[in-house]
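Participant: For D13, D15, D175, the entry in Swiss-Prot reads Mg(2+) binding site. Under the heading active site, nucleophile, Swiss-Prot lists D13, citing sequence analysis as support.
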Amino acid sequence: MVKFKAIRGVAFDLDGTLVDSAPGLARAIDMALAHQGLPAAGEALVSTWIGNGADVLVERALHWAGREHNAQLVAQTRELFDHYYAKTVEQGSQLFPQVKATLAQLAANGLPIGLITNKPTPFVAPLLTSLGISDYFSVIIGGDDVVVKKPHPAPLYLLLGKLGLHAREMLFVGDSRNDIMAAQAAGCPCIGLTYGYNYGEAIATSHPDCVLAHFADLLPAIGLPSLKDQEV
């Protein structure tokens, strides 16, 4: 694609893009709610709250549970969430299909790979290690590494500086409107994935430069051989 001809690096969102993390997040939120005598929300609902970081996830859960939340209640629930999520983050997460093989091909072609996630930073490295993909990333930016998270472009600016790339040279791949808005604000070309967590909205409504249904389709989209072609 012409839009991607200048690409010299690729960066990814984490939850809903590389990793199906909804089961672990839902278990942690439900246990935090139960600890306070509140009902469980369940994975289907929690998956629509993912993408803006842990504080917003907690706020959405409390709002759903009918609790008028203040800073103290949010902080208390966030502490409970962190406690439980530390126990569920690894076993409650799995890679989406063909993620590892696709990352391997990007790395084999000499492209630096970055990660930008709103997930609290302490959870990121252990999760990547448990999934066997940590070594593919040149730079990892978690939710605590910047003052403002996606959809603000600040995390992308930080990554561009660390990789020494111009905005037009870095492709950003994500599954939610926050990812697309951040990329567009930073001036980076972007791809939206249809299978992730986007608040029940079609990713195409955010107008990414390209929409893909399968992670491995990224390779031919940027001019590299597909995984299927490499098997021949």
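A Cβ is built for glycine as well, from the same backbone N, Cα and C atoms used for every other residue.
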Participant: Once the DSSP letters are reduced so that anything not helix or strand counts as coil, what is D15 (Mg(2+) binding site)?
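Facilitator: Assignment for D15 (Mg(2+) binding site) reads strand.
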Participant: Here the binding-site residues are D13, D15, D175; which one has the lowest number of other Cβ atoms no more than 10 Å from its Cβ?
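Facilitator: Lowest Cβ count within 10 Å among the binding-site residues (D13, D15, D175) is D15.
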Participant: Using the CB centroid of D13, D15, D175 as the Mg(2+) site centre, which other residues of the same chain sit with their CB within 8 A?
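Facilitator: Same chain, not in D13, D15, D175, Cβ within 8 Å: F12, L14, G16, T17, L18, V19, I50, G51, T117, G174, S176, D179, L193, G196, Y197.
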